[in-house]
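> Input: one structure, supplied below.
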Amino acid sequence: MPETRPAVTALVVATLSTGVAAGLGGMLLALLLHLVQHLAYGYGADSASAHASFLQGVTMAGGMRRVLVLAGCGLVAGLGWWAVYHHGRKLVSVKQAAGPGAPAMPGGATLAHALLQIVTVALGSPLGREVAPREIGALLAGYLARWTGLTVEYRRLLVACGAGAGLAAVYNVPLGGAVFVLEVLVGAFSWPVAAMAMASSALAAWVAWWGLGAESQYLVPHMAVTPALVAWALVLGPLFGVAAHGFARLTGAARARAARGWRLAALSLLNFTVIGLLAVYLPQLLGNGKGAASLSFDGELTVGVAALLLVLKVAIEASTLRAGAEGGLLTPGLTNGALLAFIAGGLCNQLLPGVFGAVPLGAYAIVGATAFLASSMSMPLTAIVLLAEFTRMDHDMLVPVVLAVAGSACASRWCAKAAAKPAQVVAMPVPVSASAAGAVSAASAVAPRASAQHLARADKTA
C-alpha cells in the first residue's frame with residue numbers, strides 16, 4: 001500500500017471510481033447488446049415477446065431472416081475489424097495493460113474493438129461478449145489511474161480491477177469479478193489487491209443493477225446431490241480437462257492464424273453466412289451459447305441434439321476466430337462443457353438406470369460446464385465462483401462441482417506438460433561395416449560437390 005496519506009486517498013478514490021465507471025460501461029454495453037438483438041430479429045416490441053430470451057427471439061424469426069442477419073454480421077465484422085487494424089492505433093490487451101510497465105490502451109481503437117464484439121455477438125456471433133466490458137473497464141481504470149497520479153505498479157493493479165469490475169457488471173458476479181482479477185490477471189494474492197478487486201467489482205455489479213436488474217444469468221431448479229452424481233463427477237472430471245485442453249489448443253491455433261487484410265472481410269462474410277444457413281435448422285447455434293447452456297441446465301435436450309450442437313458449436317467457434325472476428329470464450333466454453341456433460345450423463349442414465357437414473361441431466365450439465373470452463377481458461381477457482389453466481393445453485397452442488405474441477409485441472413495440466421515435451425528421436429542400430437561404407441560413399445559424394453561450390457564462389461568473387 002502507498003505510505004503517504006495523499007497517496008492512499010488517491011488509491012481509494014481511483015478504486016471506487018473505477019467500480020462506478022466500469023459498472024456504467026458494462027451496463028451500457030449490455031443494453032446495446034439487447035437493443036441490437038431486438039432490432040435484428042424483430043422481437044421485444046410487443047407484449048408477447050417483451051420478455052423473450054435471445055433464443056426464443058431468434059427461434060420466432062424466420063429462417064431467411066437469420067441468414068440475412070448473419071450475412072450482415074459478416075459484413076460488420078469483416079469491414080469493422082479491417083478498419084480497426086488498418087486505421088486504428090495498435091491495440092493493447094487487458095493482460096498487457098495490467099502487466100509490466102502498464103502500457104496505455106488506445107481509447108478510440110479499444111472502444112471500436114469492444115463495440116464490434118458487442119454488435120457481432122448480438123447479431124449471432126458464437127463468441128463471448130465478456131471481453132468487451134473487461135476492455136472498457138480496464139480502459140477507464142487506466143484513465144483514472146493517470147488522473148489520480150498513481151504509480152505504475154498501482155496503475156496496472158487498477159487496470160486489472162477495472163477489467164474484473166466490467167465482468168462483474170455484465171454478469172452480476174461481484175465475487176467472480178474479484179476472483180478473476182486475483183487468479184487470472186494478477187496471479188497472486190495480497191490483502192490490498194483483494195480489497196481493491198472486491199470493492200471495484202461489488203460497486204460495478206451494484207451500479208449495473210440500475211439498468212440490468214439483479215437477476216442471475218441462469219434459472220436452475222433444485223437438484224439433489226446423490227452419491228451417484230458425486231461418483232460421476234469424481235470419475236469423469238478428468239474427461240473435461242482433456243476436452244478443454246483440446247478446445248484451448250484448437251481456438252489458440254485459430255487465433256494465431258486469424259485472417260487479416262482483405263481476407264478478413266471475405267472470410268468473415270463466408271463464415272457468418274454459413275452459420276446463418278445452419279441456424280435455419282438449429283437456431284440454438286446463434287449467439288454466445290447461453291441459450292444452449294440454459295437448455296442443458298433445464299434438461300430440455302436429447303443426447304443426439306446435444307451431440308450435434310456440441311460438434312457444430314466447436315466448429316463455428318474455431319472458424320469464427322480463424323475468419324478474424326474477435327470475442328471471448330467464457331460462455332462458449334461453459335456451453336461446450338454443459339453439452340459434453342449432458343451427453344455423458346445421458347448415456348450413463350440410459351446404460352445404468354439403476355445407478356444414475358435418479359440424477360437429473362441438468363446436474364450433470366452444471367458440473368461439466370464448471371469443469372470444462374476451469375481448464376479451458378485456466379481459472380479453476382474463478383470458474384467455481386462464476387457458476388455459483390451464474391446459476392445460484394444449491395450449496396450442496398459445490399461438492400460434485402469442486403471434485404470435477406479438481407480432476408479436470410489435473411488432467412489439463414498433464415496434457416499441457418505432455419504437449420510441451422519435445423519429441424524424442426530413437427536412433428536405429430546400424431552395423432559397423434555398413435556405417436563405415438556409408439560414410440565413405442557420403443564423403444566421396446560430398447567432396448566433388450563441395451569443390452564445385454567453392455569454385456563457383458571463387459568465380460563470383462573474381
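Using the three backbone atoms N, Cα and C, a Cβ is placed for every residue, glycine included.
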> Looking at 6-33, 426-453, which stretch does TrEMBL describe as transmembrane segment?
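Checking TrEMBL against the ranges 6-33, 426-453, the transmembrane segment one is 6-33.
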> Pick from 113-132, 333-352: which range has transmembrane segment per TrEMBL?
333-352
> Give the nonlocal contacts of the transmembrane segment (301-321) in its own chain as ranges (CB under 8 Å, at least six residues past its ends).
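Tertiary neighbours of the transmembrane segment (301-321) are 125-127, 247, 250-251, 254-255, 258, 271-272, 274-275, 278, 282, 284-285, 289, 292, 295, 327, 329, 332, 335-336, 339-340, 342-343, 346-347, 350, 361.
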> Do at least three C-beta pairs under 8 angstroms join the transmembrane segment (6-33) to the transmembrane segment (189-209), pairs 6 or more apart in sequence?
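With 3 or more qualifying Cβ pairs, these stretches touch.
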> Would you mind listing the long-range same-chain contacts of the transmembrane segment (67-85), meaning Cβ under 8 Å and 6+ residues beyond its ends?
40-41, 61, 91, 109, 112-113, 116, 119-120, 123-125, 260-262, 264-273, 275-277, 279-280, 286, 323-326
> With contact taken as 3 or more Cβ pairs under 8 angstroms (pairs 6 or more apart in sequence), are the transmembrane segment (333-352) and the transmembrane segment (229-250) in contact?
yes
> Near the transmembrane segment (157-182), which same-chain residues lie under 8 Å Cβ to Cβ, leaving out any that are not at least 6 residues past its ends?
11, 14-15, 18-19, 21-23, 25-27, 29-30, 94, 97-98, 102, 105, 129-130, 133-142, 144-145, 150, 188-189, 193-194, 196-198, 200-209, 212, 214-217, 379, 381-382, 385-386, 389-390
> Who are the long-range neighbours of the transmembrane segment (364-388) in its own chain, taking Cβ under 8 Å and residues 6 or more past its ends?
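Distal contacts: 171, 173, 175-176, 179-180, 183-184, 220, 223, 229, 232-233, 236-237, 240-241, 243-245, 247-248, 293, 296-297, 299, 329-330, 333-342, 344-346, 348, 397-398, 400-402, 404-409, 411-412.
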